[in-house]
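Next up is a structure, given as structure tokens.
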């Protein structure tokens, strides 16, 4: 094992550990809160489910990383490869859609518009979000099922490539795989468009609200303005992290067709681990309960706050 492979394993292991810690923290805080009150808000439910899915996703990515390094032949074998691909695709698509649902929830709760359609959705936000969650679950199942043929084709041509028996039939199969793979990436467009729509609606709503505050001679740092800004920061950060994750996913998936296949795969795998951990950390900073618990925990560790005591968390 060379320097590059060792660095790859260290980075993968570090990001995996950080991602597991961050997402387990979310699950424990929200889980203990639910256990005490027997109630959980819709946003907490989405964030907790997202954390659970990301723990699974990180485990899948780490398994894939170790197989690439220590057992490339097993990694490219039909059954193992298809199991990893199906598991990765489902958890990946569902977690991306859940992050999108969270942005939509923030938009409906915080933004203010007088359009009848928006008001109808805002007044029925809980019912709308429940149906949306069911919809994205079915959509994730459908997108995964639609890509099963792609996974089978990949296993076929990797097997043929290993025998070095490159025929015209093989070239046709590989071209077919390219086409299906490119079309498969289009499944990422809908959540991206919905997230952008929620972001711009919040921007427009913030602009209108700020103008109203200025006209009334009121301070622009009112609770509604701060809520707008916090939601915009979360959605915008999520958007840029998602773009980075999408780029990493493309590098990892198209790595088989690049000159340095193994190197491209390793770079892609390391980059993909950043999103499940980074976005969850952003959610902690954007959620008052999670942020307060996180800051209290840090103060306890540094000896500035005794466990169970209340400190001035926010200025």
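Positions of Cβ are set from backbone N, Cα and C atoms, glycine also.
Worth saying up front: this structure is predicted, and the values here are computed from it rather than measured.
According to Swiss-Prot, the protein carries these features:
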type: TOPO_DOM; residues: 1-5; note: topological domain 'Extracellular'
type: TRANSMEM; residues: 6-26; note: transmembrane segment
type: TOPO_DOM; residues: 27-41; note: topological domain 'Cytoplasmic'
type: TRANSMEM; residues: 42-62; note: transmembrane segment
type: TOPO_DOM; residues: 63-93; note: topological domain 'Extracellular'
type: TRANSMEM; residues: 94-114; note: transmembrane segment
type: TOPO_DOM; residues: 115-127; note: topological domain 'Cytoplasmic'
type: TRANSMEM; residues: 128-148; note: transmembrane segment
type: TOPO_DOM; residues: 149-185; note: topological domain 'Extracellular'
type: CARBOHYD; residues: 165; note: N-linked glycosylation site
type: TRANSMEM; residues: 186-206; note: transmembrane segment
type: TOPO_DOM; residues: 207-233; note: topological domain 'Cytoplasmic'
type: TRANSMEM; residues: 234-254; note: transmembrane segment
type: TOPO_DOM; residues: 255-265; note: topological domain 'Extracellular'
type: TRANSMEM; residues: 266-286; note: transmembrane segment
type: TOPO_DOM; residues: 287-315; note: topological domain 'Cytoplasmic'
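Mind mapping these onto the model and telling me what they sit next to?
Sequence-distant contacts of the transmembrane segment (6-26) (same chain, at least 6 residues past either end, Cβ-Cβ under 8 Å): 47-48, 50-52, 54-55, 58, 61-62, 65-66, 69, 266, 269-270, 273-274, 276-277, 280-281, 283-284, 290, 294.
Long-range contacts of the topological domain 'Cytoplasmic' (27-41) within the same chain, counting only residues at least 6 positions beyond its ends with a Cβ under 8 Å from a Cβ of the stretch, are 47-48, 51-52, 55, 289-290, 293.
Across the topological domain 'Extracellular' (63-93), the model assigns an average pLDDT of 77.
Same-chain residues lying 6+ beyond the ends of the transmembrane segment (94-114) with a Cβ under 8 Å from its Cβ atoms: 42-43, 46-47, 49-50, 53-54, 57, 121-122, 125, 128-129, 132-133, 136-137, 139-140, 188, 191, 194-195, 198-199, 201-202, 204-205, 208-209, 224, 227-228, 231, 234-235, 238, 242, 276, 279, 283.
Outside the topological domain 'Cytoplasmic' (115-127), and at least 6 residues removed from its termini, the chain residues within Cβ reach (under 8 Å) are 42, 105, 108-109.
Non-local neighbours of the transmembrane segment (128-148) in the same chain are 42, 46, 82, 85-86, 89-90, 93-94, 97-98, 100-101, 104-105, 108, 121, 180, 184, 187, 190; each lies 6+ residues outside the stretch with a CB under 8 Å from one of its CB atoms.
Same-chain residues lying 6 or more positions outside the transmembrane segment (186-206) and placing a CB less than 8 Å from one of its CB atoms are 93, 96-97, 99-100, 103-104, 106-107, 110-113, 139, 143, 146-147, 225, 228-229, 231-232, 235-236, 238-239, 242, 246.
Beyond the transmembrane segment (234-254), the same-chain residues lying 6 or more positions past its ends with a Cβ under 8 Å from any Cβ of the stretch are 92, 96, 99, 102-103, 106-107, 181, 185, 188, 191-192, 195-196, 198-199, 202, 264-265, 267-272, 274-275, 278-279, 282-283, 286.
Tertiary proximity for the transmembrane segment (266-286) is limited to same-chain residues at least six positions away from its ends with a CB under 8 Å from its CB atoms, namely 4-5, 8, 11-12, 15-16, 18-19, 22-23, 25-26, 47, 50-51, 54, 57-58, 61-62, 64-65, 68-69, 95, 99, 102, 230-231, 233-234, 237-238, 241-242, 244-245, 247-253, 255, 294.
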